């Protein structure tokens, strides 16, 4: 029989570890525990005693190590410090293991391209820097489980993003994503080749399913993060009484997202751009909230959902999207913004960030995705200059 009581180390009290008494009870101190044991009298001489004692001590040290390691791992998960104590190399983790933490920042690439352009890389990098203790997950439709994603990849952006400790790149497998959601039946019936806006529609559906299943924040790949979003359940107003779906966040299994998926299927019309995206979010928000115009920079709230002011993500509205690629006399500090949407859909790749152009977009790249700016823009400019000089 023994009794176990948690105490601090005897050394911290200035006490000496008790020796073995040849009769009666023995008190032993191991790994912060005090244990009282009824024993038979100690033999006068046991030649195997020292060896056994050393072996028992090693076993106890090992057990203590695993005990403390387990506590540290649990604390790291509870505190959100997932990347300060990674239990295994990140390339062994599955999407479910990463997303199940519920704090992911999710990006989607629903085209077949395998090389993320600089704006996509900047969006992911800026999120990784802004949310250093949260997983940043980029799903790419063009990837398969057999696609090699290592640091020696021929795609520069892959190497850049893969080297960031909290960035994960996974294949986008829509049929798996839509399992156990209202979207699965729709997906099994739709014919992508006949859809006018399939890239956008499939992205609209995927983001809803992922956020409903796992929770977190969804962001478009043309959103540059500049400071953390303090809200957990939120929609982003593109303008008064109109919600975007380019960035939103909810905990897992939130009723609003489930209702959005049901309405996605019920009111599906793939020929109308945005019908399953911003128009869906807006009409669903209007069913539960009385939307009014914004005054100043205040946010609105309805049924525990924050409807964030357009200044939070859209301080430059879409008709003025070209201003991001202009030179400003004095760059704005965007003090009321959490992130900036660069309206790449409006851009149609007509304008890009060029090293030395001094545009607002270049200043944002330098400040919030410096690795992308240096590796993908400055180096590209240098390579082009060298090429023309050689020619």
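From the backbone N, Cα and C atoms, a Cβ is placed for every residue, glycine too.
TrEMBL entries are annotated by machine, without manual review.
Model, not experiment: these values are computed from the prediction.
The domain 'Alpha 1,4-glycosyltransferase' annotation in TrEMBL covers 250-374. According to TrEMBL, the feature transmembrane segment maps to 61-86.
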Within the predicted model, mean pLDDT of the domain 'Alpha 1,4-glycosyltransferase' (250-374) = 95
Remark   = Residue counts for the domain 'Alpha 1,4-glycosyltransferase' (250-374) under DSSP, helix then strand then coil, are 52 helix, 11 strand, 62 coil
